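Report on the following structure.
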């Protein structure tokens, strides 16, 4: 009975999105409906996470067809901490846009497609079937393309074309990898794939397939292949930019973690050094980006790229500490990047400018944003006791254990550069007053300050309550780095199947 609840975090947003299509003339009911739906989804996800922590992973086989023949959802520590965090930030993002007045012609479509996007995101985290993961990625791609183009501006259409072309290439490679892997092992279920690959040992065909998946997921995660990201994020309104920054690249990073710990770990002689190299390139180019631009929305976009480099560096160390740190930082970064883009969007709204030199001492008149920005900088920089600290320490530890001193040095340097670029913005927030000029700032709605306050509190709480979250990420790391334990806890009925 409990396993049936596993479908609800995906089913509820899907049903709500369909209902909203017929409620476009009743704005108030629609708003309370989608906020209520995502709140309930978050609560259910949290309840499932607590159960899994106290007992064991949950599986749901659809239509009575057991894995590996049927579609299966898996609720383990990794998938459910991701679903819970994603549901939480989606709720806040939709609440942030509650009173938005621009794009009136499209405002009725916006919540529906955000919910469809959340279906793809949550489904990607829950599925333990490779083809179903592909389907969820395509749902995300379709919904995200619509969201990028809703404003119908030339800039949005240009960004959408770049975004879609690169993601379609990634999808083609993903589908090619699925076909080759199925031909090789004869199954698409994660647990069954792990069993078959273990029996095969090192194999050139499997190595080639793993490289195809690496490129496909790198396009989704903006790992090296990030050309679409800065342009796409820069043209989005605040809540959509926060949504994309918090979740889109994180789904790709999640897939990389799941694949290259559980499925293709035996081929780490090639894959993991390649992951470290790609992470290093991503961190360096991200650091160049945050220094090169004065546009605060583009600076925020390159901050996302740097954080992806951190996460994949942890995965590439192929150590328990590094992978644990990657998972912790991945979860934390969903919250922190939501906060970053909310603050950046608020600064643009208040001042009317995207260049930091026009912030005109805003923090003196709006001290709330100054304090929130400082806390966010410390969280991104990994300063104790803020939320970025535990994940970065574990990634540092993993890099040391692996002997990857270049990756470790690059992580330290790019972390400092990332903080410097944000402190540069903060400087103008406090000391950018223009003598003799009267500056007029727009007032931001109080409820949006309330949402920002919630995120600030959560960022602080993650740092303080790190031992609780580390227990979850420890369990997730142990399960995904021990394929025999994974098979025993998740799909013990597969033993002996051909």
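Glycine is no exception: its Cβ is also placed from the backbone N, Cα and C atoms.
Remote same-chain partners of the transmembrane segment (2-22), defined as residues 6 or more beyond its termini with a Cβ less than 8 Å from a stretch Cβ, comprise 30, 33-34, 37-38, 40-41, 44-45, 47-48, 51, 58-60, 73, 75, 83, 87, 108, 111-113, 115-116, 118-119, 122-123, 126. Here Swiss-Prot flags 2-22 (among others) as transmembrane segment, drawing on sequence analysis.
Residues or ranges marked as transmembrane segment by Swiss-Prot on the basis of sequence analysis: 32-52 (among others).
What Swiss-Prot lists as transmembrane segment is 78-98 (among others).
Among the features that Swiss-Prot reports, transmembrane segment is placed at 108-128 (among others).
Feature annotation from Swiss-Prot assigns transmembrane segment to 130-150 (among others); the stated evidence is sequence analysis.
Swiss-Prot lists 161-181 (among others) with the feature transmembrane segment.
The transmembrane segment feature in Swiss-Prot is assigned to 209-229 (among others).
Annotation source Swiss-Prot lists transmembrane segment at 240-260 (among others), citing sequence analysis.
The annotation transmembrane segment is assigned in Swiss-Prot to 308-328 (among others) on the grounds of sequence analysis.
For 368-388 (among others), the entry in Swiss-Prot reads transmembrane segment. Outside the transmembrane segment (368-388), and at least 6 residues removed from its termini, the chain residues within Cβ reach (under 8 Å) are 303, 307, 329, 332-333, 335-336, 339-340, 343, 346-347, 350, 362, 415-416, 418-419, 422-423, 425-426, 429-430, 449, 452-453, 456, 459-464, 466.
Swiss-Prot lists 403-423 (among others) with the feature transmembrane segment.
Sequence-distant contacts of the transmembrane segment (450-470) (same chain, six or more residues past either end, CB-CB distance under 8 Å): 81, 92, 95-96, 324, 328, 331-332, 335-336, 338-339, 342-343, 346, 368, 371-372, 375-376, 379, 384-390. Look at Swiss-Prot and you will find 450-470 (among others) tagged as transmembrane segment.
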Give residue numbers and ranges for long-range contacts of the transmembrane segment (78-98): same chain, 6 or more residues beyond its ends, CB-CB under 8 A.
9, 31, 34-35, 38-39, 41-42, 45-46, 48-49, 52, 110-111, 114, 118, 121-122, 125-126, 237-239, 242-243, 246-247, 250, 254, 257-258, 327, 330-331, 334-335, 338, 342, 447-448, 451, 454-455, 469, 472-473, 476, 479-480
Candidates 108-128, 130-150, 161-181, 209-229, 240-260; stretch with most C-beta pairs under 8 Å toward the transmembrane segment (308-328):
240-260
Given the transmembrane segment (108-128), which of the listed stretches 161-181, 209-229, 240-260 has the most Cβ pairs that are under 8 Å apart from it?
240-260
